[in-house]
């Protein structure tokens, strides 16, 4: 059993010494009373003092039983036991704060520190991994120690931006629950107790100094001592004591200022505690919010009504085997594959005068139509009356999958504009280039099949893993498919980005881009806390590579056929001219 003497308000060196002293105390405790779990001090204290009452309020009980040391008439006080955390235990309570805790080192906030990928997602590329973990340790330590608002300690985090500190604090409050109000209150109590103890010691020293003066019979002519009033009339006695000839000391000023600061902090913390209690009672419990945080916008009653109408009444996913969830979508995607492969073989490009936009290049017209369809579906998500059909047919839910959603989700995006804005430029850039090479039929076949087969792959992954709480949508799988098809058809050619690398270098080969895209998605597949549907990306890339290979073979066959036709035409021209010459000779 580890126990301490409750000196959290003193320096770490004193706490360590007290900890070593308490080991002997614990051994004697086990010998004398093996069933006890408390550690007793050997310092006699009056049982009715305010100091003891305050410790009793903090979980320390006054004992009047037979003492373990010394005479039986001396009472002992049981102080708060400090239990040191195990290696893998995360400290969240002020009473568990280790004696060697330092603000600049902080406390571990979880068993393993954040990896590079987690730091990148949380803070962005500007924050180094070790610096991010150091900041998180320091802030977690302050939450436990109750020193989040201590201005003296801000020097240890002055190198970090306000945004980084706010991001780290939000992450900690979301993932590691710490009662910051209680910890700060305990910290304030310890520091206030230390200040009061220092003041009591100072008063006792002044009293002892006055007693010494009486014993030696010293009488001051200047009446500097309050008890030195012999030979003074009653009016003189009733006068207030004159101030010290030395004036007010710096220590007195610091103590008065600190006491005022702590009283103000305690008042605010008590107000916050009462406010949180009211929220808990009213069912509005949540993370600790600061006063300067903007209040969240209240959802209107009409919007709540639309949400209730659009959402399903199911309390949990229906009980059914995996094959029943996967079979309808698999059959639908198989029909899509067969239909679009047939379409790519039978499609004949219309003449210029029969096109809808004759003055627009075919590639631009096709890709613009796809972008328009994506924007239209994104806009429909903002109309409440459309939520129910969109949730049913344009969002993939592994709990209740719908077959048509394998195609509808390819044209659907999140309500936030960032998802759409990221995807559409890539669709335009790679889509127009692939369309110019393979034509409309092969391009649309690659786009639709990459997206739908990619989502089918994702559906298999989610259902077989039992992740029924997740949903997915977006054109990312289709865009990865057309990108992979384009780079596969140019896998040995060099590509330059913004003119780099300079001549005579040819640039990066298409295979390198395919490897880069695939590697990033495979890394995301095995990383924790990723939010992208990387499985649909990988499925779309595989279909894109297969489509690129087939279109490459089709292009070669078309070129060979054109070459053979040209050769036959030249041969026919030669044969025809020879026959004509023979006829003319005979007539002559």
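Along the chain as shown, the residues are counted starting at 1.
Placement of Cβ uses the backbone N, Cα and C atoms for every residue, glycine included.
Automated prediction, rather than curation, is the source of TrEMBL annotations.
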_Of 326-343, 344-361, 398-415, the range TrEMBL labels transmembrane segment_ = 326-343
_pLDDT averaged over the residues of the domain 'Peptidase S54 rhomboid' (405-551)_ = 90
*Count the residues of the domain 'Peptidase S54 rhomboid' (405-551) that DSSP assigns to helix (H, G, I), to strand (E, B) and to coil, and report the three numbers in that order.*
104 helix, 7 strand, 36 coil
*What same-chain residues lie close to the transmembrane segment (326-343): Cβ under 8 Å, and 6 or more beyond its ends?*
401-407, 441, 444-445, 448-449, 452-453, 456, 459-460, 463
